[in-house]
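Per Swiss-Prot, the feature coiled coil maps to 60-87; the stated evidence is sequence analysis. Annotation comment: Swiss-Prot describes 42-59 as compositional bias 'Polar residues'. Marked as region 'Disordered' by Swiss-Prot: 21-66.
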Amino acid sequence: MDTERSSEICGNVPDVTLSTPKGKVFSTPKGAHKRTPYSGHTKVNSSFKSPVQTSSTSPAKPEEEIEELKKRRAKLDSEIALLEKDGIRVDELEQHIDLLHEYNDIKDIGQSLVGRIAALRGVTTRDLYGQFGLELDD
């Protein structure tokens, strides 16, 4: 990096001289990121371990995947048939699911409001539940 570009990035900050673990000296603008001090540990370049979990099995072939999806669909169809046999309609289930979603949204908003009121009053939400006559399981 040339001096002109260095001052452009770091402003008019004086340079600082640093040294590496092997005694090599180099300079860097003051305030620039410095390297982690040398720990003396010899295995610096160990193999990288990804935090992403990978399956030990190889990816399924498209034909196998299609068969698995067909089995799953057949199982779901049989469950729907059993529910219909018990007198429950699919559209009724969809309505119940929609109502549960609406209930959960309203409950989340209510809990958020109780939390804000508790923060303003400097008390816990547990205290407010008691004041409002609510059960902690609500």
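The count begins at 1 with the first shown residue.
The backbone N, Cα and C atoms fix where each Cβ goes, glycine too.
For the coiled coil (60-87), the residues of the chain that approach it from at least six positions outside its boundaries are 93, judged by C-beta separation under 8 angstroms. Looking just at the coiled coil (60-87), the mean pLDDT is 91.
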